[in-house]
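Copied over from TrEMBL, here are the features:
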DOMAIN    40-84  domain 'Homeobox'
DNA_BIND  42-85  DNA-binding region
DOMAIN    87-288  domain 'TLC'
TRANSMEM  96-116  transmembrane segment
TRANSMEM  136-155  transmembrane segment
TRANSMEM  162-181  transmembrane segment
TRANSMEM  220-239  transmembrane segment
TRANSMEM  259-280  transmembrane segment
REGION    296-340  region 'Disordered'
Amino acid sequence: YLVLIHLFLGNSCRFIAKPCAINLGIQDSGPHRAQPNAILEKVFTSITKSPDGRRLEGLSKQLDWDVRKIQRWFRHRRNQDKPTTLTKFCESMWRFTFYLSIFFYGIRFLWTAPWFWDTRQCWYNYPFQPLTSRLYYYYILELAFYWSLMFSQFTDIKRKDFLIMFVHHLATIGLITFSYMNNMVRVGTLVLCLHDASDFLLEAAKLANYAKYQRLCDAFFMLFGVVFIVTRLGIYPFWILNTTLFESWELIGPYPSWWLFNGLLVTLQLLHIIWSYLIVRTASKALVRGKVSKDDRSDVESSSEEEDVTSNSTKGIFSTSSNGSNRLNGHVAGGQWTGE
């Protein structure tokens, strides 16, 4: 299934997402490329990609360049290795397709499931509960998808929230695998469906942003923020954690793996709180100031001149940077986003 997920990614990017992006006017062009310079290139590839003040002074004397010009060269050199807007659009397109499809599949499946309406049904006759084919495929597809995210995180651009996302993927894969092995698939389907409820809205916001439909992007992000906070800070603790912490204890007792299972679920809740804070901070800045500050997690850096222009002209929740691309990865929002 992991192989199938990657095949789907490749084909969707090639035959669907790329033509859509081209029709929307998204060009396959990246950030400004650095001026060729053998000395600086050797420093960049062999020593450091972000030289300190002392090294900058030495390079300035060696090349007879201004320090700011060297800083700008390293900034452009770092940026030119980043993915283009077209690449990011294709990635968001296939994620949007998967999240939307798996969410509606889960809703359709769970609508007729008794434990969807009464969470105590998750624990009746446990662990002797049948594993239907629809439930099996739902679980395996979700597991394969999160394994693909785990692997791709090491090949993608490393961002400031790498550790948070790494912990998230580990906890998710651990929960899916652990609940499957212990036949806790009923409550597992509730967790999966709840998390998928907001993810496709975030990807929709990215797609609108890359296509420069700013108002549509803002609307999708606001909707994403509302759904995320309601599901992760409301429904998740009072519906999911309530049944795993209290109803399971009452109906089947403190089984040996109870502590590990709930420990992983509580870890996810802590991540939900962190992400919700960052989302609210982004939205509040947009509402109070009419614009947003630079994203702390930005992949693509901008020069001080570009930052001045951007800070004076950005409007809405997300705004296009000097290279025409914005970013919001995972669930972390910090304002102007320029990368994924």
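The backbone N, Cα and C atoms fix where each Cβ goes, and this holds for glycine too.
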Could you tell me the mean pLDDT the prediction assigns to the domain 'TLC' (87-288)?
86
Close approaches to the transmembrane segment (259-280) from elsewhere in its chain (Cβ under 8 angstroms; 6 or more beyond its ends):
164, 167-168, 171-172, 174-175, 178-179, 182, 184, 191, 224-225, 228-229, 232-233, 236-237, 240-241, 244-245, 330-334
Give me the DSSP three-state residue breakdown of the DNA-binding region (42-85), ordered helix, strand, coil.
30 helix, 0 strand, 14 coil
